[in-house]
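**Student:** Got a structure for you, questions after.
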Amino acid sequence: MRLLAWLIFLANWGGARAEPGKFWHIADLHLDPDYKVSKDPFQVCPSAGSQPVPDAGPWGDYLCDSPWALINSSIYAMKEIEPEPDFILWTGDDTPHVPDEKLGEAAVLEIVERLTKLIREVFPDTKVYAALGNHDFHPKNQFPAGSNNIYNQIAELWKPWLSNESIALFKKGAFYCEKLPGPSGAGRIVVLNTNLYYTSNALTADMADPGQQFQWLEDVLTDASKAGDMVYIVGHVPPGFFEKTQNKAWFREGFNEKYLKVVRKHHRVIAGQFFGHHHTDSFRMLYDDAGVPISAMFITPGVTPWKTTLPGVVNGANNPAIRVFEYDRATLSLKDMVTYFMNLSQANAQGTPRWELEYQLTEAYGVPDASAHSMHTVLDRIAGDQSTLQRYYVYNSVSYSAGVCDEACSMQHVCAMRQVDIDAYTTCLYASGTTPVPQLPLLLMALLGLCTLVL
């Protein structure tokens, strides 16, 4: 009997041993196909709008979206740094920040196809889990809750990465679920179309559950729990608020509430959440009713260096970034996060791009891993220690902004990271003595038809 118990123990111990793996996360590539180095500052890039771009370099400019040279360099840098990842997360926003009339459906599809071919060329044997961003549609932001030509065409483009079931789902609503590769077979990737919940999407504003995605997510997470699987949730637009200004929520309030309700209900099977959209480097914490951290949401910085036009944002540009996660293949627990970047000014001055380590999460913040508990510790240190806050603030812009994060800045960032719930976020700002800024400028922009360019 003792021998049998010992054999069972050994079997369980062997099954629970760590299986270290790595995966890439890239976001917000925003190719500007018309970028060119020009002596005329008004002829450099359409994505700069009416702003002059003096002294533009071959690798890009902070007022512009990515030239092809920058995107090409970023994907090949991934291959050089970690050539055999288990998989790649690619969370969308591929087209430039230009008005709809300067783009069109054919141009959107052409850009997505061009980037897809590049990634497949550099990583021919790597599974890619790709999501659409709010700019990956025409007209931008206006994602329908049902089938359409763009969903159909992109599903065909991504066919080598998708199962037959995922292709059918993608054509209906641009979301899907895939089993993770690897020997354990105990993990799933859920790719969401969170553009359906975006405040700028007028098509879904009055819907309770666009595309039935919430119900589908409930079903997938329930099934994962029964099967003993862990899940990564992936999307473009995150819930909660932008940290570089006040009171800018991305989801409509009802959708934000529903998403948080689903995640809190199923948090035991959710090993990580991964989003983009911000172009900045940040994270969000979710807590249960007792205040215990239950999930961390990682917002990956963009490849594009483009300076946001969102009202209230100061120094809204960033250096280009790519990110690799270290994880346990058996449990999907996140062990570390390493961000690499290109100093764009330096690359243009030297004529050669150099992708270098910006920081490693565990070393930068002195935590053992990237679990929800550890990220809660990181947030507490950011909120309570000025030097840690300042370090985070530099990382937030991918080492672009060297300015000081003062008290008002600190509250904007900390409240956004700590409170993803809309009412709790507002309470956090008031409790800090900061009066939330009304969204009148955004309303005026919407009336003027300009809101499509801000992110």
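Here the Cβ of each residue, glycine as well, is placed from N, Cα and C on the backbone.
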**Student:** Disulfide partner of CYS415 per Swiss-Prot: which of CYS405, CYS428, CYS451?
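**Tutor:** Out of the candidates CYS405, CYS428, CYS451, the one Swiss-Prot links to CYS415 is CYS428.
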**Student:** Besides ASP93, HIS236, HIS277, which of ASN134, ASN315, ASN318 does Swiss-Prot list for that Zn(2+) 2 site?
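**Tutor:** Looking at ASN134, ASN315, ASN318, the one Swiss-Prot places in the Zn(2+) 2 site next to ASP93, HIS236, HIS277 is ASN134.
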**Student:** Given that Swiss-Prot assigns ASP28, HIS30, ASP93 to the Zn(2+) 1 site, pick the one from HIS266, HIS267, HIS279, HIS373 that the record assigns to that site as well.
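**Tutor:** Given ASP28, HIS30, ASP93 bind Zn(2+) 1 in Swiss-Prot, the matching entry from HIS266, HIS267, HIS279, HIS373 is HIS279.
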**Student:** For ASN164 (N-linked glycosylation site), which residues of its chain lie six or more apart in sequence with Cβ-Cβ distance below 8 Å?
**Tutor:** none
**Student:** Around the Zn(2+) 2 site formed by ASP93, ASN134, HIS236, HIS277, which additional residues qualify by having Cβ within 8 Å of the site's Cβ center?
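**Tutor:** Nearby residues not in the site list: ALA27, ASP28, THR91, GLY92, LEU132, GLY133, HIS135, ASP136, ASN195, VAL237, GLY276, LEU455.
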**Student:** Which one, from the disulfide-bonded residues CYS45, CYS64, CYS405, CYS409, CYS428, has the smallest tally of other C-beta atoms lying within 10 Å of its C-beta?
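**Tutor:** Comparing Cβ neighbour counts within 10 Å for the disulfide-bonded residues CYS45, CYS64, CYS405, CYS409, CYS428 gives CYS409.
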**Student:** I want to check the contact list for ASN72 (N-linked glycosylation site): same chain, sequence separation of six or more, C-beta distance under 8 angstroms. What comes out?
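**Tutor:** Once residues fewer than 6 apart are set aside, ASN72 (N-linked glycosylation site) is near LEU118.
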**Student:** Other residues near the Zn(2+) 1 site, CB within 8 A of the CB centroid of ASP28, HIS30, ASP93, HIS279?
**Tutor:** ALA27, LEU29, ASP65, GLY133, HIS135, GLY276, HIS277, GLY302, VAL303, THR304, TRP306, LEU455
